[in-house]
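Mind looking over this structure? Questions follow.
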């Protein structure tokens with residue numbers, strides 16, 4: 001790290017050095033960041049929006065002639081998080097890749113520089129949005145950015161929906177730009193859409209500017225954002241599809257247990273924040289928000305980890321299975337590696353991958369039993385299973401899933417020795433997603449230590465179920481029947497790995513009275 005060449009480009013502004021205090025060797029962390037290759041037509045607010053998710057942006061210097069800028073964050077910690085985040089996932093402004101590194105300046109001194117008025121106005125407006133104090137003399141209305149009468153409601157369309165995006169996910173992302181009052185989600189023209197109302201049109205303006213065209217997860221779930229013609233939303237029910245955050249007294253409307261307000265805290269939105277470690281999504285987050293509440297840093301990350309977003313390149317590349325890197329995009333066959341050859345069976349893989357789609361065939365490799373091929377019903381389901389399961393622990397080993405080069409799993413020929421390692425499940429009665437529009441499509445969640453149990457017969461007691469899981473080798477931490485419906489329950493086990501193994505072993509377990517237990521991962525905790 002101590003080579004003093006100027007390949008980093010920090011010295012491109014050597015002649016500006018006299019304006020700054022406190023030089024330091026290039027590349028050691030600093031709260032001032034140096035941005036290169038900035039498109040010439042970019043606005044100050046767009047540059048600021050790159051830093052916003054990571055903390056307060058305290059100063060900005062644009063060097064438009066050189067297509068460069070300096071961005072000062074409130075703390076070095078925020079700057080480190082931002083650089084770590086954008087190293088594997090290159091940020092874009094106006095569809096152009098932008099390069100970010102530490103500056104050799106400790107702070108920006110811009111008081112006596114010309115042309116700083118616009119940068120200061122943009123900074124002021126953004127900090128107003130962040131602090132919620134919007135009565136500002138320097139707010140950018142005079143530049144015509146927020147038009148009179150502009151709606152505080154955004155219409156959001158999500159393209160490339162490889163991975164389910166929930167109301168909670170949207171709330172978490174858009175809350176970074178101001179107070180979100182209401183959200184309504186719906187499907188129209190086969191596209192997942194949402195209407196989202198802010199407390200103030202300025203919030204909507206900044207959110208649109210920062211997020212339009214961004215991906216929620218890397219390489220998928222692209223946000224397309226416009227101002228809605230509606231100026232206010234009317235929400236009748238608080239449930240998974242719509243929510244009025246100002247009225248927690250609304251009914252759920254569909255018999256769903258309503259969610260208590262600190263949703264983001266109760267279950268960190270899958271993938272957005274905790275992806276590289278928690279294994280929620282195989283995609284690295286493309287818009288990450290380190291201030292998300294209720295997300296703790298997984299143990300064992302060491303003192304250098306600042307929070308869920310200090311992603312090291314290796315952590316991400318180990319997890320990011322972007323379609324087309326090796327396998328065939330649009331392929332429905334997954335290559336699953338690093339399995340425990342002594343404990344894994346085709347049936348076990350069928351049950352586990354069946355949580356995220358209908359598994360048609362499974363083949364454990366005859367010569368290398370820690371590898372298997374899993375053929376899903378379609379490419380979407382393969383992508384979903386890969387996102388959720390790659391990086392999870394199963395039988396003591398970290399499972400990896402990527403798209404396979406094979407288009408289908410071949411069954412063995414008549415008389416060919418196979419040891420029962422290839423199985424065809426295409427006609428299995430256990431497929432969860434056979435019925436179009438099945439409710440199961442809305443209940444796909446990342447692996448979690450809490451399992452959702454259903455189809456429980458009336459005679460089965462709490463102790464019966466606890467004993468069932470204990471005998472399967474699990475430690476039961478908590479259990480509760482659903483108040484309205486005793487056929488369903490939540491059970492919390494000692495770890496996610498225990499829950500995965502319990503699901504494999506006990507899904508479809510015969511409870512008597514012609515009832516087979518149904519087990520899935522829950523988004524709730526007890």
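Quick reminder: no glycine exception, Cβ is built from N, Cα and C everywhere.
TrEMBL labels come from automatic prediction, so no person has curated them.
The compositional bias 'Polar residues' annotation in TrEMBL covers 1-10. The domain 'RRM' annotation in TrEMBL covers 31-115, 154-230, 332-406, 449-524. Feature annotation from TrEMBL assigns region 'Disordered' to 1-28, 409-429.
Quick one: how deep are these features, and who are their neighbours?
When DSSP labels each residue, the domain 'RRM' (31-115) comes out as 25 helix, 29 strand, 31 coil, counted as helix, strand and coil in that order.
The DSSP breakdown of the domain 'RRM' (332-406) into helical (H, G, I), extended (E, B) and coil residues amounts to 19 helix, 24 strand, 32 coil.
Helix, strand and coil counts from DSSP across the region 'Disordered' (409-429) read 0 helix, 3 strand, 18 coil.
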Quick one: DSSP breakdown of the domain 'RRM' (154-230) into helix, strand and coil?
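The counts are 22 helix, 34 strand, 21 coil.
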Taking residues 6+ outside the region 'Disordered' (409-429), which of them lie with a CB under 8 Å of any CB in it?
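Distal contacts: 333, 346-347, 350, 359-366, 369, 373-375.
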Based on DSSP, tally up the residues of the domain 'RRM' (449-524) by helix, strand and coil.
21 helix, 22 strand, 33 coil
